[in-house]
Amino acid sequence: MEASAGLVAGSHNRNELVVIHNHEEPKPLKNLDGQFCEICGDQIGLTVEGDLFVACNECGFPACRPCYEYERREGTQNCPQCKTRYKRLRGSPRVEGDEDEEDIDDIEYEFNIEHEQDKHKHSAEAMLYGKMSYGRGPEDDENGRFPPVIAGGHSGEFPVGGGYGNGEHGLHKRVHPYPSSEAGSEGGWRERMDDWKLQHGNLGPEPDDDPEMGLIDEARQPLSRKVPIASSKINPYRMVIVARLVILAVFLRYRLLNPVHDALGLWLTSVICEIWFAVSWILDQFPKWFPIERETYLDRLSLRYEREGEPNMLAPVDVFVSTVDPLKEPPLVTSNTVLSILAMDYPVEKISCYVSDDGASMLTFESLSETAEFARKWVPFCKKFSIEPRAPEMYFTLKVDYLQDKVHPTFVKERRAMKREYEEFKVRINAQVAKASKVPLEGWIMQDGTPWPGNNTKDHPGMIQVFLGHSGGFDVEGHELPRLVYVSREKRPGFQHHKKAGAMNALVRVAGVLTNAPFMLNLDCDHYVNNSKAVREAMCFLMDPQIGKKVCYVQFPQRFDGIDTNDRYANRNTVFFDINMKGLDGIQGPVYVGTGCVFKRQALYGYEPPKGPKRPKMISCGCCPCFGRRRKNKKFSKNDMNGDVAALGGAEGDKEHLMSEMNFEKTFGQSSIFVTSTLMEEGGVPPSSSPAVLLKEAIHVISCGYEDKTEWGTELGWIYGSITEDILTGFKMHCRGWRSIYCMPKRPAFKGSAPINLSDRLNQVLRWALGSVEIFFSRHSPLWYGYKGGKLKWLERFAYANTTIYPFTSIPLLAYCILPAICLLTDKFIMPPISTFASLFFISLFMSIIVTGILELRWSGVSIEEWWRNEQFWVIGGISAHLFAVVQGLLKILAGIDTNFTVTSKATDDDDFGELYAFKWTTLLIPPTTVLIINIVGVVAGISDAINNGYQSWGPLFGKLFFSFWVIVHLYPFLKGLMGRQNRTPTIVVIWSVLLASIFSLLWVRIDPFVLKTKGPDTSKCGINC
């Protein structure tokens, strides 16, 4: 899609369009050659799935299947090059020492049931060719087929030599002839194999070797690898978890069998809370059983897909940026995000940036226009000097030596000029913001005098404007810029718009019509690209021929700027991103967290991952004790749908084709062009499509009624039903059998802003928790959804269940935080007097908790300070935001009372941490304040009671005081937040404190702790001699 001359606004019926030029036709890809075995010289061949056979996933040493199987059966079972033990691959028999792997599931080959004679015959034939040369001539390949390296990706094969077909250009390397032996005999094969092994170390490069052989071998190797946690770190951690589970069971048994008869209410409440905490701990702990890390190889990605002199074969990527309210999400923040996207280290023709303005704000539109103009200067500057990060606001405010590693003589001069250009750009944006603060009575007017179509934000047509791209002009150095598209979907009264999820689905459809990239990057407007190679990092997984087929998305961790040094309110959330997410990556992949995620478009369309040969389900029919019938899978997959469409023909075929097209329209909507794009797995727009028709369809697919009677939001795209649509969307993909990847490059891929103010932070946590409660009560709850097919792994289900259950922990947590004060005020306790033996249970439990935390920090690299801040805010958020989320969720489910969430403000104060000390009153502050005062009153009452009754009461008091102080210490950051910068409590909090203190003072007087508890004779009756 090319840059248009003006804004395109209209609905499906209005047909308001502008004329644009033809789209650039996609460049053809070249056919590429195959590979040959380093041992016998035979062609390596294909796997059972049609991919190039790779014997060793670690080094990619070229070996054909017969040599690979012989080495596993008769040899050392190790790769000749890297000495790594060969793993069993699909289509090969098992040997002693093989591990069970769920992805290799072919019983017909696994136990070597048949085809033994065929394999020996093929081996003998391969050796005959191996004596002659390192490859075959064109006459040996009857069909002219070459094994594709890019599985499920772009069409075309990977080059291993110069040309195709003749000896001069092909890969042609002489090898020493093997000793003559009967070609078909097993002994001859073994003799030649052993001879090759003995001579392998002495075979040096020949004079006529291809100089690119080293690069080719490097390009054949995997684009990424798993890095398991060292066994010395993870094994003790697992043993302590098991020990803690046993200790917890013994502790709970003791608690249940030893009630406190004079305080049954307190005892029963505490036991129920402890059981709930145990269940919550299990759901949180065991998904961290298999943590892994990953490494990517960007150089191999370039060697494989960016070969010199050939078309760039990296996959196109559509980038989505969403914004709603420019007053809470400043245009300057959004502009920096867009500029960092346009300046990414990725081919410009492969990048398209779509900005969704769900508030239909003219301020956002005009600021994006200014951003497009500034990008013509900023993008070439970034690429010329390779600066990081490529968001100008963050780059120019970095307090580092910006001259480090810079050798270009004009860098300083051009940097100063660019900084001045950016400052002028900021002034223009600020002027637009100031102008937008006063809305005219007649509404906004565009520069050409026409009214702004989005003056009524709840009733306006769809709008599209293409700012940059193929026909949008060039940068200051004459180079093309990535495409930049402004999108505002149509809104009309009476239609449900589904907030952010609906806006994202509209972007998916618009991009599907205009560019249709096979991959999509989703970013919030305040999350800029901090690592210009972030998309390349994701492509190392998504375009990997071995693992990319079943990957639905690559999730990056969230990192933040502008957080205070102590991270008072645990904004960095490193415990979740550096511990929990690594654990999930070892199971079925991390959950989707709403931003910083690269999706596979086909996964968002509801398709299932491609299926390889699977072991048949053993459903015995009674006629055979070993084998059964294969269970039929009635779920539709993309391959089935493509096959059905391709098989149609004749009169009946036309009828079936019509029915199939109607089914597609019921699924994807009534846009034939968009439906066609969903079947293009490799992406791209049909060359025959007219740009005017594409623009008309783009307006159509963002119309307010397009999703009616379709599966958008239920099975396709971002899933509706919760304000935390990210959890639901990732959950649906995992239930279909996809897996996700967690990518943590050394330089953080994306960075955003976090609410450092206490009230804003609690409101953010409230929104997340409310979304979890909505999912818990919906039909997509992990407790009962997704069991059919068994594609969601159990530990992954545990993790998803924990994401929906955790808000309910607020109820027992609140009760447990109040119990210490009640015990101090009533002089009772939740446990009976314990013996020396029983005290071992408590000591063991506390020790196991401490050791588990220490070992977890050891393998994850999280600091103890970050862990402690997370624990503190877990209590603060648990007794405030999570509690309110449960109440609001129940009101919404039971009474139908809906609660609208507010967008978290991204504005910054002139002071670096001005927002940190600002006090904003919210009802979320009431429960923690109440708990804090109750415990302080309880501590004072307990100490006064002990002083009044003598030293014999100090022993039992220490346990109660420790219990209460533990609660107060967890709430300390909350107390500092209430005090603010001036270390004085705001008036509203003082009023609440006095009110609550008065209530508990009356309660204290009723208990009367200063009066002697022992009863004696009445002096009025016995006289002075009593």
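Using the three backbone atoms N, Cα and C, a Cβ is placed for every residue, glycine included.
Small disclaimer: the values here were computed from a predicted structure and weren't measured.
Look at Swiss-Prot and you will find 1-233, 284-804, 858-872, 944-954, 1006-1026 tagged as topological domain 'Cytoplasmic'. If you look up Swiss-Prot, you'll see MET1 marked as N-acetylmethionine. Look at Swiss-Prot and you will find CYS56, CYS59, CYS79, CYS82 tagged as Zn(2+) 2 binding site. The phosphoserine annotation in Swiss-Prot covers SER185, and the record cites experimental evidence as its basis. The transmembrane segment annotation in Swiss-Prot covers 234-252, 263-283, 805-825, 837-857, 873-893, 923-943, 955-975, 985-1005 and is backed by sequence analysis. As annotated by Swiss-Prot, topological domain 'Extracellular' applies to 253-262, 826-836, 894-922, 976-984, with the evidence given as sequence analysis. According to Swiss-Prot, the UDP-alpha-D-glucose binding site annotation covers SER322, LYS328, GLU329, ASP358, LYS499, on the basis of similarity to another entry. Positions annotated as coiled coil by Swiss-Prot: 412-433.
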Exercise for the section: Return the maximum Cα to Cα distance in Å (whole number) over the record's UDP-alpha-D-glucose-binding residues: SER322, LYS328, GLU329, ASP358, LYS499. Expected result: 16
Fill in the blank from the handout: One should report the C-alpha separation between ASP358 (UDP-alpha-D-glucose binding site) and CYS59 (Zn(2+) 2 binding site), rounded to whole angstrom, as 49
Practice task
State the non-local partners of the topological domain 'Extracellular' (826-836) in its own chain: residues 6+ outside its ends, Cβ under 8 Å from one of its Cβ atoms.
Solution key: 255, 258-260, 262-263, 266-267, 269-270, 819, 842, 945, 956, 959-960, 1007, 1009
Handout entry: Neighbour tally for GLU329 (UDP-alpha-D-glucose binding site), based on other Cβ positions within 10 Å of its Cβ
Key = 25
Exercise for the section: For the transmembrane segment (234-252), find every same-chain residue at least 6 residues outside the stretch whose CB is under 8 Å from a CB in it, and list them. Expected result: 228, 271, 274-275, 278, 281-282, 285-286, 289, 291, 841-842, 844-845, 848-849, 851-852, 855-856, 858-859
Problem - Pairwise CA distance, LYS328 (UDP-alpha-D-glucose binding site) versus CYS59 (Zn(2+) 2 binding site), rounded so that it is a whole Å - result: 51
Problem - Cα-nearest neighbour of CYS79 (Zn(2+) 2 binding site) within the listed binding-site residues, SER322, GLU329, LYS499 - result: SER322
Problem - Fewest other Cβ within 10 angstroms of its own Cβ, chosen from the binding-site residues CYS56, CYS59, CYS79, CYS82 - result: CYS82
Handout entry: Nonlocal neighbours by CB distance (under 8 Å) for SER322 (UDP-alpha-D-glucose binding site), same chain, sequence gap 6 or more
Key = VAL355, SER356, ASP358, LYS500, ALA503, MET504, LEU507, ASN522, ASP524, CYS525
Completion exercise
One stretch in 263-283, 837-857, 873-893, 955-975 has more Cβ pairs under 8 Å to the transmembrane segment (805-825) than the rest, namely 873-893
Problem - Folded-back contacts onto the topological domain 'Cytoplasmic' (858-872), same chain, C-beta under 8 angstroms, at least six residues removed - result: 229-230, 233-234, 237, 291, 566-570, 572-575, 578-579, 582, 969-973
Exercise for the section: Give residue numbers and ranges for long-range contacts of the transmembrane segment (837-857): same chain, 6 or more residues beyond its ends, CB-CB under 8 A. Expected result: 233, 236-237, 240-241, 243-244, 247-248, 250-251, 254, 258, 285, 288, 579, 863-864, 867
